[in-house]
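The structure appears right after this line, and notes come after that.
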Amino acid sequence: MTSQVRQNFHQDCEAAINRQINLELYASYVYLSMAYYFDRDDQALHNFAKFFKNQSHEEREHAEKLMKVQNQRGGRIFLQDVKKPEKDEWGSGVEALESSLQLEKSVNQSLLDLHKVCSEHNDPHMCDFIETHYLDEQVKSIKELGDWVTNLRRMGAPQNGMAEYLFDKHTLGKEST
């Protein structure tokens, strides 16, 4: 059944939004895996766990926001299977942050691709939505993760376990307060 509210909403934009929803849910799933990995007794980096759990929640919210706009525009949501994370063991904190950085960069590229599709189909509403709610936040997140990886490497991580312990306690501990 065709939506009565659909206006200036190309099928390519609708399909690209559905792909982005799936990617955001995948990112949420990856971060959830990371969170509970660092919560294990043999890792015990509780602020890493808390950070990744918050990231998981944020990515799920991104997916839900896209679902809401899909409905508002008269599109249809077609959920796909969410791929399992690439790994079950995330290694050290710095290795997990490097994986997180790569994930955020791929999410950002996908958002840029979505923006391009919407722009090519003259959909200023969707372009504005992506710019307002996603792109700036992605750039800030990528910068923060890059800075953290640099600082952890500077302190000798992952070979120096004290570096990750102090980072967990002082840097990520401040993030969660």
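Numbers run from 1 along the shown chain.
In case you wondered, yes, glycine gets a Cβ from its N, Cα and C as well.
Going through Glu14, Glu24, Glu98, Glu104 against Swiss-Prot, the one listed in the Fe cation 1 site together with Glu59, His62 turns out to be Glu24. Site annotation (Swiss-Prot, ligand Fe cation 2) includes Glu59, Glu104; from Gln11, Gln20, Gln80, Gln138, the additional listed residue is Gln138.
For the domain 'Ferritin-like diiron' (7-156), DSSP puts the residue distribution at 114 helix, 0 strand, 36 coil. Within the same chain, residues at least six positions away from Gln138 (Fe cation 2 binding site) with a Cβ under 8 Å of its Cβ are Glu104, Val107, Asn108, Leu111.
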